[in-house]
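One structure is given here, and the rest of the page talks about it.
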Amino acid sequence: MTAALVAAPAAATMASGSSGLAAARLLSRSFLLQQNGIRHCSYTASRKHLYVDKNTKVICQGFTGKQGTFHSQQALEYGTNLVGGTTPGKGGKTHLGLPVFNTVKEAKEQTGATASVIYVPPPFAAAAINEAIDAEVPLVVCITEGIPQQDMVRVKHRLLRQGKTRLIGPNCPGVINPGECKIGIMPGHIHKKGRIGIVSRSGTLTYEAVHQTTQVGLGQSLCVGIGGDPFNGTDFTDCLEIFLNDPATEGIILIGEIGGNAEENAAEFLKQHNSGPKSKPVVSFIAGLTAPPGRRMGHAGAIIAGGKGGAKEKITALQSAGVVVSMSPAQLGTTIYKEFEKRKML
């Protein structure tokens, strides 16, 4: 039983009567899809939207709120092509010199937006994601932490049955192509255009890997924070496919943690798609090696339950796929550098 299953009873009790039964059924279906690593073909096709660059047109949902304002200003200063935002009831006004719209559909039609970032409080975040799906925004990045898992089960159920919109998050730092496009809350100044693709369940450990790869002179090609919740829109395998097919990405850092089976699925994916003489070096760190079973460690998805989801099992799976696993997050940069040295890639 993984974090998803642990979340199921709690989420199901949040509703009563027929709505509770419906939510329980959705939970069961989404859990099985996630457990078996299944992605509907249509949703898998949306992986291509994960790659952002200077041409990505971004809107912000929750644009005029405190968080939306602060991080939109940061994005503009970084050079992100932010083209507007939405706040219901404030359409027609301007904010930070950009137009405000009442709906995502209107914002997309008027600006040609290809991505949306969500800074909306937890009770309303799922509705914001659904609004972006309705508007067929290609990439949606939800930063919000604390969204009820029952809400996210419904969102995930819907996501897997369409192929127009790709979701990153929730409860994540976002995505960044250094020097080109920053969507989220990550500190832009530590990033440097380079050769390493980084994908992580942990926001702060992402920044650690970024800083280290910058320090050793390798830099980053694309960094994706997939978030630490049990029901998210993008997992390791989605990002790994992008990294393996991206000529600018020459090495990969994967940062996982206890709970769920995303790391094990990533290991299987790497066995199938990253072997042979042209394979790319992959370095990993798994947080929670000393975590006690049954206790949630920070993220909603970071819990060892039913004897599964432990760090040791994840490390073994990754090593069997040829991944070099660092025992310390402080050594990610030097470890990937040494792998480049071994392969004469410097």
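Just so you know, glycine gets a Cβ as well, placed from its N, Cα and C.
As recorded in Swiss-Prot, the features of this protein are as follows:
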TRANSIT   1-34  transit peptide
MOD_RES   LYS54  N6-acetyllysine
MOD_RES   LYS57  N6-succinyllysine
MOD_RES   LYS57  N6-acetyllysine
BINDING   THR64, GLY65, LYS66, GLN67, LYS90, ILE143, THR144, GLU145  CoA binding site
MOD_RES   LYS66  N6-succinyllysine
MOD_RES   LYS66  N6-acetyllysine
MOD_RES   LYS105  N6-acetyllysine
BINDING   TYR207  substrate binding site
ACT_SITE  HIS299  active site, tele-phosphohistidine intermediate
MOD_RES   LYS338  N6-succinyllysine
Among all protein chains shown, how many Cβ atoms are found within 10 Å of the Cβ of LYS66 (CoA binding site), not counting that one? 9
Please report the DSSP secondary structure of LYS66 (CoA binding site), reduced to three states. helix
How big is the Cα-to-Cα gap, in Å, between TYR207 (substrate binding site) and GLU145 (CoA binding site)? 18
What's the longest C-alpha separation between any two of THR64, GLY65, LYS66, GLN67, LYS90, ILE143, THR144, GLU145, the listed CoA-binding residues, in angstrom? 25
LYS338 (N6-succinyllysine) and GLU145 (CoA binding site), compared by Cα position, are separated in whole Å by 36
What is the interatomic distance between the Cα atoms of LYS66 (CoA binding site) and LYS57 (N6-succinyllysine), given in whole Å? 22
How long is the line from the C-alpha of LYS105 (N6-acetyllysine) to the C-alpha of LYS57 (N6-succinyllysine), rounded to the nearest angstrom? 14
